[in-house]
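Below: the structure, in structure tokens.
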């Protein structure tokens, strides 16, 4: 019993004791590794070299690397650089002391670098992909760009629907009416109006209305109809109507009346 109870207990206790210091050591080591060791130095002259930066910064501790990025296409310096220290404490001290330092006639701005040094290939992909990512972000961001256009489209569609169904479309048609069509509308109104005089009723015959629809220029204006007297209109209009009428009864009656007279 003692052997059974004793044998499992040491591994459990040992395992617990062994697990407890390990996270402490991990957290302690992670704190040292997570602290920044790289500094971003801005406002550098274009002719600044690595030796010009190494001399003033090495007084705070050993410097691991100095990087002055250049444009991938032109090869010109960008006016900033990265300095990486071996110890995070040295980097913090250098940042505090060198911020605002005059180097080659320019006041430096020193801050902690968010990322470590990148290779030229990474800088090239970043330059090329920066523009495309911006457009992708604009396409993906729904609140600014996807929600704003629909109300504008809705307004345009409403305005168009109103334009087709509302009276403004009639106004557009009334503006496009030519003076010849206006004359035709006046003649129509005369033909539809109740007959005040015989001349107006006879002048608005259906045959003439059809001629107006085909060739409005040759149509007779209502002013000329007004100049005719009722006697002239009666003498001219009944003759074609009697000739076109298909009823043969009056002709037989006329022949019968003439036979006894002869």
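From the backbone N, Cα and C atoms, a Cβ is placed for every residue, glycine too.
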With respect to Swiss-Prot, which of the residues 166, 205, 237 bears the note phosphoserine?
166
30, 174 - residue that Swiss-Prot labels as phosphoserine
174
Can you dig through Swiss-Prot and tell me which residue of 146, 176, 203, 243 is labelled phosphoserine?
176
